[in-house]
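One structure is given below, encoded as structure tokens.
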Amino acid sequence: MAKPLIGVLAVQGAFIEHEHKLEQLGAQCVELRQASDLNQQFDGIVLPGGESTVQGKLLRELGMFDDLKARIASGIPVLATCAGMILLANEVSQGKGTGAKSLSTFAESVAGSTLHVTSNTPDPAAPPYFATMNIKVRRNAYGRQLGSFRAIEEFKGLGAVPMTFIRGPLVEEVGEGVEVLARVDGDIVAVRQDNQLALSFHPELDADNSIHQLFLDMVKNK
Amino acid sequence: MTEATENRSQLNRNLAQMLKGGVIMDVTTPEQAHIAEEAGACAVMALERIPADIRAAGGVSRMSDPKMIKGIQEAVSIPVMAKCRIGHFVEAQILEAIDIDYIDESEVLSPADDVYHIDKTKFAVPFVCGARDLGEALRRIAEGASMIRTKGEPGTGDVVQAVTHMRAMQSEIRRVAGMAEDELFEAAKQLGVPHALLKEVHDNGKLPVVNFAAGGVATPADAALMMQLGAEGVFVGSGIFKSGNPAKRAAAIVKAVANYTDAKLIAELSEDLGEAMVGINESEIALLMAERGK
């Protein structure tokens, strides 16, 4: 088989780390920065870590949102880490004490605010985004940077895997068709629904390659 | 280093990796923070006065009121950074106590210590520091900084210093990468940096931490220039909220950073942005903030 070609969303965040890992494992990568980068076929998609508000907004405003959503819905294998998991989730809530009052609540709280909140102009930076995965995700679930941590836990089918959480989200609820692959302290941190593999943590930051290999196996067996 | 502090230092470098390809914006109110987040900022820097006003006001400039910083933490979901004075480890302790995501030990504020920087290895919270060249960058990293930025002259709207620093840094990195291993000992001595860190630069051809551009970035073209010169992301201070249309300019800079080699797109983004900050020329200012802390 020819080298699989993986489209890596590259509008913001830690996408180069994913590319290095995938190239080590024999795949080729193409960076997705704007609509014209989608004028080709690729075999898998990586949605990297970063800030989901930035990525969600740029996906829409750089004209990539509908095309990528259609590809994901049609079954192309996807590896989504951290912010990427938020992009896939059906429903997104905010962690405690990490800001993000809704815009309307916020506008009310600012005396003499010049913010105009109208219901017919949705905030492009606000979730949900692709909403292709039957999960409810809590953003910044572990709080701010002082809550970031590293763990080594069982990952279904792979054994113990290092897991680095950076202001990470977690899965609050899973719906039909979603398989739970890993938990930390009882909380769900890795899930799969058919072609979509979503993680709260960052396998691209650790030396272990097993999760990227699992993703490439999904691409190969597609 | 114990395993726990090494772990923490790694996690702090990791957060900077997540900010890459993004724009960090100076904000002074929760409302500005909201505009920044909506425009696509990957983090905000909370401060009472933006550098242009600090420069205009003169006098001693200190850490912001923690209450003001907390107001901004409540307003946005993205990481919130704040500045402390060079060497003022108690201001840093205060910022850590209010759960800040990143501390900028910054030359923009008045230095509290004209010899020593903060021993940042003593903190759990991450630090970003300014650097004009490779030596300064590696000294800050040895002190525990987990992210570096250029020390472009803040509050001027003049990008010349940031360009100079980024070019100096990249050129020195290339020089070190090409050295024979036995030359590194002498180079470490001359640069005034630990040999182990210089060896890392030699082996990897890059700084051991993420490197952003800062100082004087005022337009989408400035931001893209810094990215093409090797910056991994951009801080924009006075350039946004000192301009005619902050929301539009901020969003345009974010898109220019995401597509920094696409001149056609940057041309479109540069249209109708309103007035850029007036700017003052580096040679016209009395105080060079980049000279603070070396």
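Positions of Cβ are set from backbone N, Cα and C atoms, glycine also.
Unlike curated records, TrEMBL annotations are generated automatically.
Record check: TrEMBL places B:D26, B:G216, B:G237, B:S238 at the D-ribose 5-phosphate site, and the matching candidate among B:G87, B:G144, B:G155, B:G293 is B:G155.
With every protein chain in view, the residue among the recorded positions B:K83, B:R167 whose Cβ has the most Cβ partners within 10 Å turns out to be B:K83. Pairwise Cα distances among B:D26, B:G155, B:G216, B:G237, B:S238, which the record gives as the binders of D-ribose 5-phosphate, peak at 12 Å. Here the Cα atom of B:R167 (D-glyceraldehyde 3-phosphate binding site) is found 21 Å from that of B:G237 (D-ribose 5-phosphate binding site). Note: the CA-CA distance between B:K83 (active site, schiff-base intermediate with D-ribose 5-phosphate) and B:G237 (D-ribose 5-phosphate binding site) rounds to 12 Å. In the three-state DSSP scheme, B:D26 (D-ribose 5-phosphate binding site) is classed as strand.
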